[in-house]
C-alpha cells in the first residue's frame, strides 16, 4: 500500500545509529480477522524522515522475547483469548503498547540494540551485519596471509556495525622468509619480527584495500589473546581512501602508556579492521557492573546484578591518567571524541584508552544523543571534556548518568562535586566548558591523586610517540570542521524542535485554561439555577406551613389588580357544579363545609354592567362575547370591597335576608331523609 511506503529515500551514506527514533501508534484496524496497528516512525527532529509500518501484537511479543535476557522490566500487555476484537479492548491495548514502545526507545541500551532497530526500521537494519563483517575481514586478511580468523565473540559491544572475532597470528613459512629479518637491537636467540609492510592497491573492487602493520614481537604476543575488530565507516567520514593510508600508518605506530597500541590495521572502501590485545578483566564498565566481558551487551549492562564504585583515590588517579592521554592526543592535532567507560581498560592500576581510530572512521560517539542537546558543546575538546565528566561520574557513583545534565550529586567530596558541576551542570552546558588543562589542575586531583606523573615512571619503549604528517594534519582538520558543521546543524534542529514543542505546550495550556474557565462558568451557572430552584421549593413549603397554621386569606378584585396577602395561600378544589371548596393544605377537611354564597341580583347586575363598560372601552366589538364568557363561567362570583361599600343599607339588609333564607334552605336539604319517602303509583 502506498500509504505505508517511506516518505524519504535512504541515501547511500551510513546512517547515524545514535539518532533517536520516535514511534506513535496512530490507529488500529482489523485485517483478515486480526488486529494490526499503524505505527508512524520518525528519525530525529525532522518530519521529513518519517515512515509508517503495520505491526501485529505478535510482533511486539517477539520483540519482548529478545529483551528478556537484558533483565530490564518491561510491561507488555498480556493476551486475551476471548473478546480481543472488541473496540474498547483494542483501544486499551493500543495505549498499553504505546507505553511499551516508549519505554524501549527512551532506554539508551534497548534503543541501540539490533532487535529494537529492526522493529522500528526494518528496511535499514534488515541486512545481516555479521555476515558482511566476516566477508570484509577475510578480504582484508587474505592479501598478506598473516592471521587466522577465528570465531565471533558476539554482540559484546553497543555498536551495530562493529563486530569482534578471535584471531591468531600465522607462523612464518618458507615462502615468506625473505620478509623476516632480525632486529638490530636483539641477539640471534631473540625472535624474529614481521617487517612493517605498506601494500597499497588503488583498485575499487570489493577485494581492494590497504593493509599495514607495525613490527610484531612474537614473544610478546605469545600467550596473549588477540581480538579483531571490524567497523564500518560512519556518517562523519570525510577523509578520502588514499589519505587514510598514511593516517593509519601513524596510528599503528602510536605509543603512549595510557593508550592501547594497535597491533595490525587494514581498511577498504567499506570500513576498517584493527587487531588489539584482549584483556580478560574487561573494560572499566565491566568492572563497575561486575560483568563478564564476553557476555552480550544487553545481558551485561541492561540490568546488572551488582554495581560497585571506585574509591576517591582510584577515581582521581584514573581520571588524571585519562586527562593526560587526551591532552597528548589534542597536542598532536588528533581528536578522540569517543571516551566512555567501555573504551577504558585498567591494567595494573594503569589506564589505557581504546578505539582511538574511531574519529577518522567517522562513527558516532556514545554520548552524542546527550551533547547534541547543548549547542555550546561542538568542538572536539569540549566533547572530550563533556564525555570525561560522564566517565568521572560513573566511576564515583558506580552507575552511569542517564541524562545530559546532572541534577543532584551526593556522597562525594566537595571538591569532586565542584568538578562534576563544572562539567555536567545545566549552567555549565549552557556556557563554555573548562579546558582539559584546567581540569588537570583542579584541586580534586591535587588532593586525592598521586603527586607524581605516571609518564615519568615509564621506560623508553613506552615513551609517548605519535607523529602525523602535515598533509594528514590538514586532512584531519578539514574532517573536524565538517563534523562540527553537521553537529551544529543537528543541534539547531533539536533546538528548533524544542522551541516548537514548547510553543505547542503553551498553546495547549492556554486552550486548556480557556476550556477550564468555560467549564467553571457553566458549573457556576448550573449551581445558581439549582440554588434558585431550591429557594423556590423552600418558599412553597413555607407558604404551605403558613396556610396550615390558620392564616386568614385575603381576596382581591381581579379588575383592580390587587393581590392576596403573601402570608397565606388558598388551595381550590374543583367540585361538581356547585362552585369551589376551600380546603386545608393537608387536604383532609374543608375550611368551609357549605358552598360559597351566591351573589345577589343587584351585585350580578352591577358586575355585568362593569364588565360591559370595560369591554366597550377596550373593544366594542367584543363586549357581547365577554358578557357571554362571564355568564358561562363556572367559577363562583366573589363579592368585592366596592360592592360592599358602594350599595345602600337597604340593599345590605336585603342581601343578608336572602343569605339567611338560602342557608336555612340548604341546611334543610342536607337534613332531609330519603328513607321516609314512599313510592306512589298513579293510575295514569
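Cβ coordinates are placed from backbone N, Cα and C, and glycine is handled just like the others.
Curation does not apply to TrEMBL; its annotations are automatic.
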Ranges in play 476-504, 505-533, with TrEMBL marking region 'Disordered' at 505-533
Taken over the domain 'PX' (15-126), the predicted model's pLDDT averages 90
What DSSP reports for the domain 'PX' (15-126) is 47 helix, 28 strand, 37 coil
